[in-house]
Ligand SMILES: NC(=O)c1ccc[n+]([C@@H]2O[C@H](COP(=O)([O-])OP(=O)(O)OC[C@H]3O[C@@H](n4cnc5c(N)ncnc54)[C@H](O)[C@@H]3O)[C@@H](O)[C@H]2O)c1
Ligand SMILES: [Zn+2]
């Protein structure tokens, strides 16, 4: 079959080649890094003055520092829109509450209590993209987690002018401050603070490459959640898959932007051909047709594998943001799938449901980073502390081992801090240990 798309039929040799190709790593782009570095430095050095200049240069909006923070009450949108927002909010809040981390403790080998305590962060910043489209769903998929976690101060930033429905969504989701600021400069303001914005402890949310690079550079000064990039989807389809559904899911992600990536893996050549025919048919009627076509041309890959197992193995190598398992036995396939951001099981779970309202956050790792990074989740809004409690009896049981470590590491005061509590002859003991030989002889 000839096609304008990239189609691979995967035999033994191509399989290992494709495995290598699909195993991606994201490197920072040096020019972009330099550009972002200079924006961050301007905000650090000149505060609000830099924010006024950058907002004029990059967003083409003239704002004075007193106009950054929006204080006006939000206007309630039309009933039908309001209902959709509430639907999403209810699902996300419920998911957030159910996934709240719980304090726990166990007794260790010597009978002391050891455990973890989770406290909500005090002040966070949430970036909500707004450059090309007001990502209202992003407001609903980040801020409620902070709110349900018990974070007291939630500062949301989004590029001006703020869409009225987005403003309403930011407020109803629980933002306690909303700033008309976008791009790397908004991230810098959250991290460094300016005359009008107090710095935050952690920065959340997706954004374009400037926003993500700013988070990467500021990591350490503040905490960040993850570095989400352009959207992507992989679909694994078997011979039972509905080509119409599969094509629709692939096109939905292609619609996100020119750098979106889409991947289809199927052991059925027939399904592959049907999906491509469906893509051509469905693309005709999409409003963002030209963008979708450029994604299909430059960032789409259609692979026919020998078996379903091979398809599932390759998809683990790709570690996609979204994975749809359009197969007859999705739960069985799930067991064979390795890392990815979110998995959609069966024929009736469109990725768009997760994008807009299902419950788990749609802020997910991209570019292969799902191999090690999690999508945004409740735990990210907590700071975790370990808690330890010894009784005298527990300490007595283990004190000789503490003394031994103290000796190995040459830290006598450490050893003494245990033995002194047990009234064990301190000096005699230390003298004895120090007189002994080294660990290996
Ligand atoms: N992975 C995820 O979970 C996820 C979820 C939602 C959105 N996203 C991604 O978020 C992104 C949204 O991007 P967007 O552009 O629409 O909005 P955005 O708000 O992220 O970026 C707009 C800002 O970029 C800055 N900017 C634009 N051009 C610049 C330049 N030349 N130099 C410096 N700064 C510049 C401007 O200040 C502007 O305010 C998309 O790439 C989308 O895929 C990812
Ligand atoms: Zn999507």
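Here, residue 1 is simply the first one shown, and the rest follow in order.
Keep in mind that glycine also has a Cβ here, set from the backbone N, Cα and C atoms.
Unlike curated records, TrEMBL annotations are generated automatically.
Taking the Cβ of residue 185 (NAD(+) binding site) as reference, residues of its chain lying under 8 Å away and at least six apart in sequence are, in sequence order, 39, 42, 43, 50, 51, 54, 55, 58. For 127, 185, 208, the entry in TrEMBL reads NAD(+) binding site.
In the three-state DSSP reading, residue 256 (substrate binding site) counts as coil. Per TrEMBL, the feature substrate binding site maps to 231, 253, 256, 322, 355, 409, 414.
The Cβ neighbour count for residue 414 (substrate binding site), using a 10 Å radius over every protein chain in view, is 14. Here TrEMBL flags 253, 256, 355, 414 as Zn(2+) binding site.
The active site, proton acceptor annotation in TrEMBL covers 321 (among others). In sequence order, 228, 231, 232, 233, 340, 341, 342, 364, 365, 366, 370 constitute the residues six or more apart from residue 321 (active site, proton acceptor) in its chain with CB-CB distances below 8 Å.
Sequence annotations record features per position, and here TrEMBL assigns active site, proton acceptor to 322 (among others). Residue 322 (substrate binding site) falls within a strand when secondary structure is assigned with DSSP.
Under the DSSP three-state reduction, residue 127 (NAD(+) binding site) is assigned to strand. In the vicinity of ligand 1, defined as a Cβ distance under 6 Å, the following of the binding-site residues 127, 256, 322, 414 are placed: 256. Taking a C-beta cut-off of under 8 angstroms and a sequence separation of 6 or more, residue 253 (substrate binding site) has the following same-chain neighbours: 231, 232, 233, 260, 261, 262, 322, 351.
Secondary structure at residue 414 (substrate binding site), taken from DSSP and collapsed to helix, strand or coil, is helix.
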